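Quick look at what TrEMBL annotates:
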BINDING   Asn12, Leu14, Gly39, Glu60, Asp81, Asn104  S-adenosyl-L-methionine binding site
DOMAIN    19-189  domain 'Ribosomal RNA adenine methylase transferase N-terminal'
Amino acid sequence: MKHIPRKRFGQNFLTDGGIIDSIVQAIHPQPGQPMVEIGPGLMALTQPLVERLGKLTVIELDRDLAVRLRLRPELDVVESDVLKVDFRAIAQRLGVPKLRVAGNLPYNISSPILFHLLEQVDVVQDQHFMLQKEVIDRMVARPATSDYGRLTVMLQWRYAMENVLFVPPESFDPPPKVDSAVVRMVPREQPAQLNPKLLEEMVQVAFSQRRKILRNTLGKWLEQKGFAGDFDLQRRAEEVPVAEYEALAAHFS
Ligand code: SAM
């Protein structure tokens, strides 16, 4: 029976065979690697992935799609909202220290998914995600650009990231209203030791008025914390490199 795409689940199904091949090549799955796919949908990526891996864990919220996925014995189906999934428990159940994670994500909840995984990054080997291109531009942004912001700092602190593929709307059914891209995210081996909640708070304050210099935003916050160190507050939030935000957060953590 034909599945009617559900907008509330962000269902835009990949149909372009060339793009599917390119994504699978970028992921480079090898037999036996433990991988979790978020949002397998109608299996456009699932099929080529599981052919190479042998087994694959998939997380799907749509009950009708989960029913179809369960017909495939090589798939380990978790029918759930990915935002409630404990990836550490999956790694433990599979008996592995780390998981590879991939998926063409539902765009309406892409940032919450990125932050949910950030909290469990200790069990992540790498992540390959299709997202709105505009979100990936923000993730991989360099300082002093309009894309550089909270998402950039919060993710670059913990991952090395690169945009690996542009994907136009006509590669999907139905086509989304935006351009898409695929990002590779590899957790840093030696991230700065800091309290992520504190980094988040600091970055939120710094970027709250991104056109202004930091004296009245981050400056006030640092004053409240009794900071006595050296930090140039004559800059705007977007001019401060990630490493400086990390160093500041590490100072208070
Ligand atoms: N992987 C398929 C493809 O590339 O054609 C489908 C991608 S579609 C953009 C997103 C998929 O995520 C859909 O299958 C949708 O049902 C599923 N999904 C949506 N929200 C979800 C959630 N909160 N948790 C798990 N899966 C979800």
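Count begins at 1; order follows the chain as displayed.
Cβ atoms are placed via backbone N, Cα and C, with glycine included.
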* Structure fact -> A correct count of other C-beta atoms within 10 Å of the C-beta of Asn12 (S-adenosyl-L-methionine binding site) gives 23
* Asked: Rounded to a whole angstrom, what is the largest C-alpha distance between any two of the residues Asn12, Leu14, Gly39, Glu60, Asp81, Asn104 that the record assigns to S-adenosyl-L-methionine?
  -> 21
* Across all chains shown, how many C-beta atoms besides its own are within 10 angstroms of the C-beta of Asp81 (S-adenosyl-L-methionine binding site)? -> 11
* Taking the Cβ of Glu60 (S-adenosyl-L-methionine binding site) as centre, how many other Cβ atoms lie within 10 Å? -> 26
* Structure fact -> Same-chain residues at least 6 positions away from Leu14 (S-adenosyl-L-methionine binding site) with a Cβ under 8 Å from its Cβ, in sequence order, are Ile20, Ile23, Ala44, Leu45, Asn104, Met130, Ser171, Phe172
* Confidence summary (mean pLDDT) of the domain 'Ribosomal RNA adenine methylase transferase N-terminal' (19-189) -> 98
* Structure fact -> Long-range Cβ list for Gly39 (S-adenosyl-L-methionine binding site), cut-off under 8 Å, min separation 6+ in sequence, same chain only, gives Gly10, Ile59, Glu60, Leu61, Val82, Gly103, Asn104, Leu105, Pro106
* Tell me, how many other CB atoms lie within 10 A of the CB of Asn104 (S-adenosyl-L-methionine binding site), whichever protein chain they belong to? -> 27
* Where does Glu60 (S-adenosyl-L-methionine binding site) sit by DSSP, helix, strand or coil? -> strand
